[in-house]
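Taken straight from TrEMBL:
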DOMAIN    186-372  domain 'Major facilitator superfamily (MFS) profile'
TRANSMEM  25-47  transmembrane segment
TRANSMEM  54-73  transmembrane segment
TRANSMEM  79-96  transmembrane segment
TRANSMEM  116-134  transmembrane segment
TRANSMEM  146-166  transmembrane segment
TRANSMEM  194-213  transmembrane segment
TRANSMEM  233-254  transmembrane segment
TRANSMEM  261-279  transmembrane segment
TRANSMEM  285-307  transmembrane segment
TRANSMEM  319-343  transmembrane segment
TRANSMEM  349-369  transmembrane segment
Amino acid sequence: MAASPVIVFIGGILSTQLTPDNSLATLPVTIMILGVASAAIPAAMLAKKLGRKQATFIGFSIGLVGNVTAMLATQIASFSLFCLAAFLLGACTAFIQQLRFAAIESTEKESQIPNVLSLLMLSGIFSAFLGPEIAVAAKDWIDSPYGYTGSFTLIAVLNVIAMIILSRFKNPNIANATQMEGGRPLLTIVKQPIFIIALTSAAIGFALMSYLMTATPLSMHQLHGHSLHDTKWVIQTHIAAMFLPSLITGWLINKIGLKHIFFLGTLLYAIVAVVAFSGEQVIHYWWALLLLGVGWNFLFLTGTTLLPKSYSANERHKVQALNDFVIFSCQGLASLMAGWVLFQSNWTGVVSSSLPFIAILFITSIWFYRRK
C-alpha cells in the first residue's frame, strides 16, 4: 500500500520534470487509478476462481513488476515508462482492495462489519507515513536524473516481504465463496435504492477526495511555492486522516447509524470547500486535507458497509466487481481532470468545480435519511 501514497506525493512533481507539458502532470496518478479500475473486475473474478490468497499473491506480483518498472523509468527519465509503472501499481491496488470484501465475508454477524472494516482500514495509517517518508529519504540513494530510483527500490523490497508474509496465510473458510452463477440479473440489483446510495457514497466520496488530493501537491509546490517538506506534511496528514478515524468509525456506525455517518461525511466535504476557499497558505491546505480525509473515511465506510445489503451470497462477486469498477473509474476521471482544471483555473477553480458533487451527496444523504 505504500506505493500509492508515493505516486500521489511525487507523481505530479516528478512528471513536471519528465515532461514539458504541465497539463500532463497528474497523468501518472490518473493512470494509477485507471489501473485500479481496469483490474477491479479481473481481481474479483480471480478471487472467486482461485481464492483470496492466490489472487492477492498475483496482485503483489504485479506490484513488484510495477516497482521495478518505476525504478527503470526514473533511471532513464522516461515519462511513458513511469506511466506504465503507475498503471501496474494501480492494478496491484485493485487486488488489495478485494481484501475488504474478504473481511466482510468472514464476519458472523452483520453488526460486526463496521468494526472489521475499520480495523482493516487502520493499516492505511502505516502506508500514510511510510510512503512519503520512503519517497524523500530514499530519493537519492541511487543516482538518477531526477531522483526517486532509490524510493521505488525500497518499496520493491517491501513488496517482496509482503509476498513472503502472505505465503504463510490460508484462505478463510467462507461459505459460498466460490458461487458466482445464479441470483438476480445485475440490472435488477443496481436499480435498488440501497445499491444506488451505497455506490453514490463510495464513488463520489472517492472521486472528490482523489480530485482534491491529486491537485494539492501541484498547487502547493508548483504554483504557490510551498516547500516539499510542507507538501509532504499535508499529504501525510491527509492519508492518516483517511484511516485514523477507523479507530472509532465502526463504533460510531453501530452507535448512531449509517444515515448519520453519511451526512457527517458530506458535511465535512462542505467544510473542506469553505476552508479551501479561505486561503492558500500551508495551514489552509493542512486543514482542508485533514477534513477531506475524515470525510472520505465516513463516506467510504458507509458505502462499503451498505453494499452487502444489496446482494445475496451467490451475487456478491459480480456486484463487488461492478462496485469497484465504477468507484475507481470515477476516481481516475477525477484525478485526470484535477491537473487540467488546476492549471486552467488555479486552486479556486478546483474547489469550485467540486461543489455540484457535494450537492449530490447532500441530496443522496437526505434520500437515505428519509428511507425506513
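Each residue, glycine too, has its Cβ placed from N, Cα and C.
Mean model confidence of the domain 'Major facilitator superfamily (MFS) profile' (186-372) amounts to 92 (pLDDT, 0 to 100 scale).
Using the rule of three or more Cβ pairs under 8 Å, pairs at least 6 apart in sequence, the transmembrane segment (349-369) is in contact with the transmembrane segment (194-213). Proximity of the transmembrane segment (194-213) to the transmembrane segment (79-96) is not established, fewer than 3 Cβ-Cβ distances being under 8 Å for residue pairs spaced 6 or more apart. Of the recorded ranges 25-47, 146-166, 285-307, 319-343, the transmembrane segment (79-96) has the largest number of C-beta contacts under 8 angstroms with 25-47.
Against the transmembrane segment (285-307), stretch 319-343 shows more Cβ pairs under 8 Å than any other of 25-47, 146-166, 319-343.
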